[in-house]
Amino acid sequence: MSISRCDLLLRADIIVTQDAQRRIVEGGAVAIDGGTIIEVGPQAELDARWQAERSLDLGRKLVMPGLVNAHTHASMTVFRGVADDLPLMTWLTENIWPVEKALSKEIIHFGALLACAEMIRTGTTCFCDMYLMEAETARAVDEAGIRAVLGEGIFAFPSPAYAKTEDAWPIIEDLHARYKGHGRIRTAIMPHAVYTTTPEILKRSWELAQAHGCIWKTHLSESETETRTSLEQFGRRPLDYLESLGISGSKCVFAHCVDLTPEEMVRMAETGAHVVHCPQSNMKLTSGMARIEDLRRAGVNVCLGTDGAASNNDLNMFLEMNSAALLQKVRTMDPTALNAQAALDMATVNGAKALGWEELGCLEAGKAADLIALDLNQPNMLPLYNPVSHLAYAASGMEVCLTMVNGKILYEHGRYAAMDMDGLAREAVKVARWVKARAHKTN
Ligand SMILES: CSC[C@H]1O[C@@H](n2cnc3c(O)ncnc32)[C@H](O)[C@@H]1O
Ligand SMILES: [Zn+2]
């Protein structure tokens, strides 16, 4: 047998691969070269095959794919805890939007950096973001070393980035051109919602997504109120309205989808649309309980997102998996609903599929070296019968002791490779003062 060289050989007691067979390797190893995984398997086999520049013996750890947060607004970390205990539309129109109007590039950049720090700390290696002045989020992602799909939020009204929607298009084109070919950053087209845009904006945004071959994402059917408004404004339910404009297909990623009819679920499955479930945000804003089991049964690809830190109030995908699983059980009054493996799939492979980034979400040869390690000796992880059960039901995210993106370690032994957490904490005090002076309701 010939021995080949690789950059890194990582060994750990348990490897949850999330590959097609959902293989779990005990006493496993991952061989990495550049930013790519070249083999995953038993330690003895990989030791015999690979001569590594560097080895990392993690011991009593669980290694798994980095989590994919498929819907967030990273910079909203600056509003964490500012306006709690409100319903969606009051929260948005009376509390969030008035302050967002005044946001500066600096604050958006800071909020995105803080979000990256939180996601890296809790095991997310890729996120999908919609926000304002998204170039600042892109800058933060580049600095932090994390992976992301980014889109400038498109409204029919002024945003801090543009005085009129007409001025949004060049901003979107610029962002796309700037990150074309970037290894970790992709761009997408993201009109905010049917109730904050016009048919012309939606059609133009769709044409742009098609021209760039990128995903098209929006908030959809988040609440019954949204459906009612859509029926009043456009004479159609939100999904019907989009379809009447020619918007449908596998490039569509719809966040929330709380208020769908069974027939709409079938149509989503037929067209290949993806749904991002955001259970914590939906519960906190009392938007409702998405019928995830029905969606999955209909054949829709359902993934998971935190939404922003102002409606969650964290960006922790372990807690989101937990909430997703528990919420479906009470919604259906069936304890077998959305089991641990289904929750983990939503946070990994399904997220990668929705974002059209097939190199993500699982550990196998040819995939990106985006992985995390969890300390199995933490009290809440003991004893261990079923690793997947612990990931969905016992882990808090704070067991993550190593986060790697594209073969680079971003977090290890409590330290960030490329982030100044103390500096961020100092800056957070100043930003909070700025927000407090402008916020209508602060807790
Ligand atoms: C156009 S940039 C993104 C925009 O979305 C707002 N937002 C955050 N969470 C939600 C949500 O759950 N539903 C609708 N809109 C939301 C955010 O404040 C930005 O204005
Ligand atoms: Zn959202």
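Even glycines carry a Cβ here, placed using N, Cα and C.
TrEMBL: automatically predicted annotations, no manual curation.
TrEMBL names H71, H73, D307 for binding Zn(2+). Of H109, H219, H390, the residue it gives for the same site is H219. Proximity of the binding-site residues (E100, H192, E222, D307) to ligand 2: a Cβ under 6 Å from the molecule is found for D307. Cβ packing within 10 Å was compared across the binding-site residues H71, H73, H192, H219, and the lowest neighbour count falls to H192.
In this structure, the C-alpha atom of D307 (Zn(2+) binding site) lies 12 angstrom from that of E222 (substrate binding site). With a cut-off of 8 Å between CB atoms and residues at least 6 apart in sequence, the same chain places L132, S159, P160 near E100 (substrate binding site), listed in sequence order.
Annotated pair H192 (substrate binding site) and H219 (Zn(2+) binding site), C-alpha to C-alpha distance, rounded: 6 Å.
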